[in-house]
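Engineer: Pulled from TrEMBL, these are the listed features:
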BINDING   84, 88, 91  [4Fe-4S] cluster binding site
BINDING   90, 197  S-adenosyl-L-methionine binding site
DOMAIN    70-304  domain 'Radical SAM core'
Ligand code: V47
Ligand code: SF4
């Protein structure tokens with residue numbers, strides 16, 4: 001469906017402002033005409049785009065694609081370990097193998113117990129992600145997934161970043177193609193988007209020098225897509241990268257998406273600076289976060305969904321992103337992830353029940369819609385009436 005100029009009179013008015021930079025006006029016209037933005041356009045948006053204009057444009061795109069619908073899913077996380085062989089400087093969560101007594105390592109039975117704890121509850125997805133432990137190998141995770149599937153076949157298994165998979169496959173001496181096939185057959189249905197950080201090699205060398213590089217990350221996702229799996233993509237922004245690096249990162253993802261159409265969602269991740277080796281770097285402002293989301297919506301024209309991860313952003317900023325292009329909020333209904341609370345996010349116990357999440361979306365003037373991992377709609381909560389007990393529960 002093409003956007004007619006009159007579909008968005010507010011954007012029209014903004015674009016007609018006499019003082020508006022001509023390059024921005026041209027880009028705005030391109031967005032309304034649904035033309036693809038170039039890398040140069042992307043840089044111009046970062047350098048010159050005011051939040052008002054960016055938000056209006058991103059919102060027009062978001063409403064064209066999804067109307068007021070804002071998706072969430074009911075999932076829980078399993079973090080098998082925070083012991084990690086890698087040494088990413090931004091990571092507050094991991095403990096090196098030599099200090100593994102400070103971290104945690106869950107057995108298969110302990111992880112199955114977590115799954116069993118959700119018996120009878122309407123969760124649709126388990127998200128498995130953690131550090132890269134040298135002893136938790138391909139066979140270990142295949143056994144875990146087979147047991148999860150035997151216990152609860154309908155639970156969708158989303159798991160393992162390309163970083164974890166790359167290490168597992170190298171250790172098992174299998175090719176990426178072979179390794180992905182083995183994981184898929186054992187029960188892996190989709191992959192989260194972590195480990196992408198910033199693809200530029202000079203930035204990677206400074207913040208995460210020893211883990212899989214951009215080509216390796218993209219190869220694993222391409223292979224997953226070829227097997228019919230969907231995956232997500234992330235970008236860690238707001239540290240030492242510049243706008244050019246952000247555009248280069250998004251451009252590489254956009255190109256792979258043109259090739260495979262296997263990405264579901266793009267998730268910009270705001271760098272948090274507590275308790276890591278990059279604590280001297282100030283965090284981005286909320287305005288910069290909102291600009292980032294809006295530009296992501298405008299640039300990533302072949303990604304259907306743009307997701308905000310509320311446990312990291314905090315609830316109020318996450319709510320604001322819904323006016324800056326975001327149409328999906330993640331979603332852990334329980335306090336089951338530590339990755340952001342350990343890096344200084346406002347949400348030390350990221351837990352919201354369905355009523356609270358739906359209300360947060362409604363208060364932003366949007367329609368809360370529960371989805372499964374592949375965006376089949378499960379329930380529209382727009383007209384649902386919630387009790388005070390549900391809304392005030394901890
Ligand atoms: O790759 C680590 C990031 C990612 C910090 O696909 C940090 O649905 C900010 O990718 N500040 C892992 N970010 C988490 C992730 C994710 C989360 C939720 C949903 C999905 C999905 C994916 O967390 C890492 C890294 O980029 N991260 N430390 C930090 N200090
Ligand atoms: Fe390990 Fe992931 Fe932390 Fe890097 S971000 S140190 S790969 S847990």
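Every residue, even glycine, has its Cβ placed from backbone N, Cα and C.
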Engineer: Enumerate same-chain residues with a sequence separation of six or more from residue 84 ([4Fe-4S] cluster binding site) and a Cβ-Cβ distance below 8 A; give 'none' if the list is empty.
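Structural biologist: Once residues fewer than 6 apart are set aside, residue 84 ([4Fe-4S] cluster binding site) is near 91, 94, 95, 96, 97, 131, 132, 133.
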Engineer: Return the members of 84, 88, 90, 91 (the binding-site residues) with CB less than 6 angstroms from at least one atom of ligand 1, or none.
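Structural biologist: Close enough to ligand 1 are 90, 91.
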Engineer: Could you list, ordered by sequence, which of these binding-site residues: 84, 88, 90, 91, 197, have a Cβ under 6 Å from ligand 2?
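Structural biologist: Only 84, 88, 91 meet the Cβ criterion.
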Engineer: Taking the center of the Cβ atoms of 84, 88, 91 at the recorded [4Fe-4S] cluster site, which other residues in this chain have a Cβ no more than 8 Å from that point?
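Structural biologist: Once 84, 88, 91 are set aside, the remaining close residues are 86, 87, 90, 93, 94, 131, 208.
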Engineer: Could you pull the average pLDDT for the domain 'Radical SAM core' (70-304)?
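Structural biologist: Across the residues of the domain 'Radical SAM core' (70-304) the model's pLDDT averages 97 on the 0 to 100 scale.
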Engineer: At a 10 Å cut-off from the C-beta of residue 197 (S-adenosyl-L-methionine binding site), count the other C-beta atoms across all protein chains.
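Structural biologist: So the number of other Cβ atoms within 10 Å of residue 197 (S-adenosyl-L-methionine binding site) is 25.
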Engineer: Can you give me the same-chain residues 6 or more apart in sequence from residue 88 ([4Fe-4S] cluster binding site) with a CB-CB distance under 8 Å?
Structural biologist: 94, 197, 207, 208, 211
Engineer: With every protein chain in view, how many other Cβ atoms are within 10 Å of the Cβ of residue 91 ([4Fe-4S] cluster binding site)?
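Structural biologist: Around the Cβ of residue 91 ([4Fe-4S] cluster binding site), 21 other Cβ atoms lie within 10 Å.
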